[in-house]
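K.L.:
Take a look at what Swiss-Prot says about it:
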- Arg23, Glu80, Lys120, Lys454: (6S)-5-formyl-5,6,7,8-tetrahydrofolate binding site (BINDING)
- 226-231, 245-251, 270-273, 335-338, 358-360: GTP binding site (BINDING)
- Asn226, Thr245, Ile247, Thr250: K(+) binding site (BINDING)
- Ser230, Thr251: Mg(2+) binding site (BINDING)
- 216-377: domain 'TrmE-type G' (DOMAIN)
Amino acid sequence: MSTTDTIVAQATPPGRGGVGILRVSGRAASEVAHAVLGKLPKPRYADYLPFKDVDGSTLDQGIALYFPGPNSFTGEDVLELQGHGGPVILDLLLKRILALPGLRIARPGEFSERAFLNDKLDLAQAEAIADLIDASSEQAARSAVNSLQGAFSARIHQLVEALTHLRIYVEAAIDFPDEEIDFLSDGKIEGQLNGVMADLEQVRTEARQGSLLREGMKVVIAGRPNAGKSSLLNALAGREAAIVTDIAGTTRDVLREHIHIDGMPLHIIDTAGLREANDEVERIGIERAWNEIEQADRVLFMVDGTTTDATEPAAIWPEFMARLPATLPITVVRNKADITGETLGLTKVNGHSLIRLSARTGEGIDLLRDHLKQSMGFTSNTEGGFLARRPHLQALETAARHLIQGHEQLVSAYAGELLAEELRLAQQSLSEITGEFSSDDLLGRIFSSFCIGK
């Protein structure tokens, strides 16, 4: 991981556009300016200049911006050239810059990586840049901006600071056991620990919301042929995404639709009807259906209400329930309520959710949308929220587990040394979110998923 050479990349998307931007970062940025512009622009002022080739001919003309380090995005000297967005022009300008000594193409995410390494961003803020670019809804974008501005990092730093303060008390109790006041047994440390655990649980709740905003919920519609699975997909999507006929086995492959329910991304997957396959193509489709089911966050078990009065999943189709992963949440959807005359609504049957609706007429679909949102614990229009990734949730869970174990050591045995170690491990897990304890390999994987010009 070299940060001594100077990097260049296109910061705007590939293809034609009104404006195309090349970004340069590193110690040779000023040399690039002199070579291409004939001068070094005044720092942080827009300068309209021709962009020159090696022979002095004009390649393009546009705006040049120069940001001397450390007062730049990366913390290094940065030069931005904003010209016309034609791919040929940008390619010629890029080749011109790369012909200079010490210049190379940036790796994906390397600008953000350098900003992180130069303490311009912490890891959570750097990841928020990619999340903002990838945001699929207004609420996700707003939460990504909050993360970029440090909302998530600030919550983590507060927890780390509280743990540091708590560790001081614990270490003092260990090092000075003969003092008049025993911090381990007088309840003070336990009270502070309970407070940190409560704060951490609140951050975990908000982080789960942020993870849902970023990654969404994967819902698989499964059931026998002709149960109305494709009709339900179309009803949820609000368009004719799947072919619907009265012929059993019309859907032969996996169909995917991406929608939003009050800001929560929902990945709906329609699958082939589950039965004994009639041919090789259908067999492959059914295998793919089971693969999707096993990876789902929730399964909508589609039942044709005209074929059975049963409401208990195991009574409807015991073989299907036997093959489902035991921990996989399911919602039984009794379809065709417009024909059976069943009352629309959501009920519980032996711990499983059951909803009666009509995918054909759309009756009960709004109820299903609300159910999906509530089943994931999603709250829309959360003010001041932040985005979170699965590794963030894992780090928060690990920290919570260490605090629980430390609390057990404290209340059962006043074991200061064991409590101190659990507090240290919890603090380390939290610091991984902001990058203070991240390995180079982990950082490489994170930043390689970014855009080239970021």
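Quick reminder: no glycine exception, Cβ is built from N, Cα and C everywhere.
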K.L.:
In whole Å, note down how far the CA of Glu80 ((6S)-5-formyl-5,6,7,8-tetrahydrofolate binding site) lies from the CA of Lys229 (GTP binding site).
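P.N.:
Given the Cα positions, Lys229 (GTP binding site) is 52 Å from Glu80 ((6S)-5-formyl-5,6,7,8-tetrahydrofolate binding site).
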K.L.:
When DSSP states are folded down to helix, strand and coil, where does Glu80 ((6S)-5-formyl-5,6,7,8-tetrahydrofolate binding site) land?
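P.N.:
Glu80 ((6S)-5-formyl-5,6,7,8-tetrahydrofolate binding site) sits in a strand per DSSP.
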K.L.:
Distance check, please: Cα of Asn226 (GTP binding site) against Cα of Glu80 ((6S)-5-formyl-5,6,7,8-tetrahydrofolate binding site), rounded to an integer number of angstrom.
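P.N.:
Taking the Cα atoms only, Asn226 (GTP binding site) lies 58 Å from Glu80 ((6S)-5-formyl-5,6,7,8-tetrahydrofolate binding site).
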K.L.:
Of all the binding-site residues given, Asn226, Ser230, Ser358, which has the fewest Cβ neighbours within 10 Å once its own Cβ is left out?
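P.N.:
Each of the binding-site residues Asn226, Ser230, Ser358 was scored; lowest Cβ tally within 10 Å is Asn226.
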K.L.:
Measuring Cα to Cα, tell me the gap between Lys120 ((6S)-5-formyl-5,6,7,8-tetrahydrofolate binding site) and Lys336 (GTP binding site) in whole angstrom.
P.N.:
57
K.L.:
May I ask for the distance between Arg23 ((6S)-5-formyl-5,6,7,8-tetrahydrofolate binding site) and Lys336 (GTP binding site), taken between their Cα atoms and rounded to an integer number of Å?
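P.N.:
Counting only the Cα atoms, the answer is 58 Å.
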K.L.:
Could you state the CA-to-CA distance between Ser358 (GTP binding site) and Glu80 ((6S)-5-formyl-5,6,7,8-tetrahydrofolate binding site) to the nearest Å?
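P.N.:
Approximately 56 Å lies between the Cα of Ser358 (GTP binding site) and that of Glu80 ((6S)-5-formyl-5,6,7,8-tetrahydrofolate binding site).
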K.L.:
Could you round the CA separation between Glu80 ((6S)-5-formyl-5,6,7,8-tetrahydrofolate binding site) and Ser230 (Mg(2+) binding site) to a whole angstrom and send it over?
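P.N.:
Computed Cα spacing between Glu80 ((6S)-5-formyl-5,6,7,8-tetrahydrofolate binding site) and Ser230 (Mg(2+) binding site) is 50 Å.
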